[in-house]
Amino acid sequence: MVLVISLPAQAAIRIDAKAAIMIDASTGQIIYEQNANQQLPVASISKLLTIAVVHDELQQHAITDYTKVKVTPDIAAISNDPSYSSIGLVSGQSYSVIELLNAAMVKSADGATIALATATGASPDDFTIRMEQKANTIGLKKAKIINPTGLTNSEMKTLSSTNASANDENEMNAKDVAVLARYLIHSYPAILQVTAQKKANFFITKNNTKSVDNLNKMLPGCQYTVPGVRINGLKTGTSDNAGACFVSTGTYKGHQIITVVLHANGDNKDNRFVQTQNLYKMLKNDYHLQNIKLPNDVINADIKHGTQNEITTNPRKLTIWSNKPLTTYTVSQNFNNKLTNNTQTLQAPVRQGQRIGSIKLTSSELKTVSGEPLTYPLYSNQTVQKGNFLERIFR
């Protein structure tokens, strides 16, 4: 079915950074991109991938939130280096996974991140292999992973990898970072409860508790808050080679938005927040949500072997972010194979509210981070029972 609807276009704006991207987290629609395929150092943005692997370990019950991890002298050396993002973990002291996770995501603590990576008994190198495997599973096409933190290999001190050169460090492109952020908040939504904290307290030893501010200065009430947008994450990253980087997640008009800014230009690290503000301002000023009207032959569907020949569907509202004149798109139904018996037609029985497939919105000009068409769930709007013997023959 061919529809005429509004086409989202690239706004005439340039973000003051080496690379940037903005997407709708639900659909994966790319709203804006700038050098999004350029491979760049990402510093502590890497920790998003570390947390994705740790979440797998939690899901597999290899560890729990309360598993204790004993800090080794090697980890303590990194955790107490003032030139790093340090929290001051004490050698020989044990910390829970949830404590370390908070330290890694709120303070961006390097030592805590390495301790997390070793929670199952793995070495940092072993964990890095898991990160590479996870990157492939998620669909990160060009991720280069050296260690769990985003430090250069030499900065890992005695924990540096023998398989990498001293200056090697983690690299990704902005599009892959957006894919990673989207995966993480969908598979591990509880992480947003961690990243939304403006301040957190960390138990270092019995008589030493540290209070630290979240490095994200765009949280509600913070310096770079955007009116009308509620930011609840996600991760900063800073290094000499990566510059100042920031991945945000925010809600605007009921839609969760992900932005990525890599290597904001200039010496002021806060320019990453200013450029993120510019992305959201562009969204607010230049874009609107376009509702797509579906024709009857997409709303209705044939059904076999039931008490009737046709079923009405209840597709979720199809919306896109748009700012440009109309153009042509293709909209198609795709039914679950289990409900079609590997044919193209639904077969009874089907119950009301059951997800029966999806609607795909396709255009060569409409981009998504996955490279696939925009996909929306499709539900049955009514129950159709399986017909009796005669009904099945004559229908």
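Any Cβ shown, glycine's included, is placed from N, Cα and C.
Here's what TrEMBL has on this protein:
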DOMAIN    12-265  domain 'Peptidase S11 D-alanyl-D-alanine carboxypeptidase A N-terminal'
ACT_SITE  Ser44  active site, acyl-ester intermediate
ACT_SITE  Lys47  active site, proton acceptor
ACT_SITE  Ser108  active site
BINDING   Lys235  substrate binding site
Quiz item: Quick one: Cα separation, the residue listed as 'active site, acyl-ester intermediate' versus the residue listed as 'active site', in Å?
Solution: 7
Practice problem: Work out how many Å separate the residue listed as 'substrate binding site' and Lys47 (active site, proton acceptor) at their Cα atoms, rounded off. | Solution: 8
Quiz item: Between the residue listed as 'active site' and the residue listed as 'active site, proton acceptor', what C-alpha distance do you get in Å?
Solution: 8
Self-check item: Neighbour count (Cβ, 10 Å) for Ser44 (active site, acyl-ester intermediate)
Solution: 27
Self-check item: Where the residue listed as 'substrate binding site' sits in the secondary structure, as DSSP reduces it to three classes
Solution: strand
Exercise. Take the Cβ of Lys235 (substrate binding site) and count every other Cβ within 10 Å, whichever protein chain it belongs to.
Key: 29
Quiz item: In sequence order, which same-chain residues at least six apart have a C-beta under 8 angstroms from the residue listed as 'active site, proton acceptor'?
Solution: Ala104, Met105, Ser108, Thr113, Pro148, Thr149, Gly150, Lys235
Exercise. Mind looking up the mean pLDDT for the domain 'Peptidase S11 D-alanyl-D-alanine carboxypeptidase A N-terminal' (12-265) in the predicted model?
Key: 97
Practice problem: Give the helix, strand or coil assignment DSSP yields for Lys47 (active site, proton acceptor). | Solution: helix
